[in-house]
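Straight from TrEMBL, the features:
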{"type": "ACT_SITE", "residues": "69", "note": "active site, proton donor/acceptor"}
{"type": "ACT_SITE", "residues": "182", "note": "active site, proton donor/acceptor"}
{"type": "BINDING", "residues": "6, 7, 38, 39, 70, 71, 183, 184", "note": "substrate binding site"}
Ligand code: DGL
């Protein structure tokens, strides 16, 4: 199975596009909703929680794990990859994001919106400028967007006000490409496009993860051959299951049935 880890529901939006593009595999998803959001948490905590989640996915049959969570990919991925070594593969989302961004920008002025943890880590500017050192990256932390989406208020007037406030400084920097560097922001994509206007290209995780995973599996037949080829999706959450199923169905765009798990 392919394991997908997120701090909560947001990664289900990514899982949806992955299961649609690569329906031949079995999937296991874990959302650490009881301890989300990860965005405001210190590095050590994000790492410890992510490691527990990844351990759970490997123990429950994953042959490969994708960290859908940008905060976890920014703060914990490198350390976790070192801890597992070559034996167990854990992939993040930053490199595919960086490659897609570098391909999209014409003016080489890019904006990134993400959680505080992701912005603080500097991971997006680092990875994007690795692909093209001439790209200028402007970041904006948007701490109030995750709680807003989790409250189901992505279409509210408050969402529009907050987006205008967060995006104004980026627009002032004359960006031509905007990275939605957080799982939850996919649900705000339409509103964000309205605020930034049609000329700015938006890069979402949903667009980049499925195709980069497909490429990765094509380049690594040794790993691909080990992955279960029985189409199925198992959902686990550390939080309240009723809430996870309700909100998760919005992110996954179809009803889901989840199982509870306590991580220690
Ligand atoms: N999954 C997180 C991310 O992509 C957003 C939610 C959180 O802060 O936990 O950064």
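Quick reminder: no glycine exception, Cβ is built from N, Cα and C everywhere.
A TrEMBL annotation is a machine prediction, not a hand-curated record.
Not measured: the values here are computed from a predicted model.
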Discussion item. What whole-number value in Å do you get for the largest C-alpha pair distance within 6, 7, 38, 39, 70, 71, 183, 184, the residues recorded as binding substrate?
Written reply: 12
Fill in: Length of the line joining the Cα atoms of residue 38 (substrate binding site) and residue 69 (active site, proton donor/acceptor), in Å
9
Fill in: residue 7 (substrate binding site) versus residue 69 (active site, proton donor/acceptor) - Cα distance in angstrom
6
Worksheet item: Given residue 6 (substrate binding site) and residue 182 (active site, proton donor/acceptor), what distance in Å do their CA atoms have, once rounded to a whole number?
Response: 11
Practice prompt. Write out, in the order they occur in the sequence, the residues of the chain not among 6, 7, 38, 39, 70, 71, 183, 184 that have a C-beta within 8 Å of the mean position of the C-beta atoms of the recorded substrate site.
Written response: 8, 10, 11, 36, 37, 69, 72, 115, 118, 146, 182
Worksheet item: Which residue, out of the active-site residues 69, 182, shows the minimum number of other Cβ atoms inside 10 Å of its Cβ in this structure?
Response: 182
Practice prompt. Please state whether DSSP places residue 38 (substrate binding site) in a helix, a strand or coil.
Written response: coil
Worksheet item: If you measure residue 182 (active site, proton donor/acceptor) to residue 7 (substrate binding site) at Cα, how many Å is it?
Response: 11
Worksheet item: Counting only residues 6+ apart in the same chain, whose Cβ is under 8 Å from the Cβ of residue 184 (substrate binding site)?
Response: 9, 10, 13, 145, 146, 149, 150
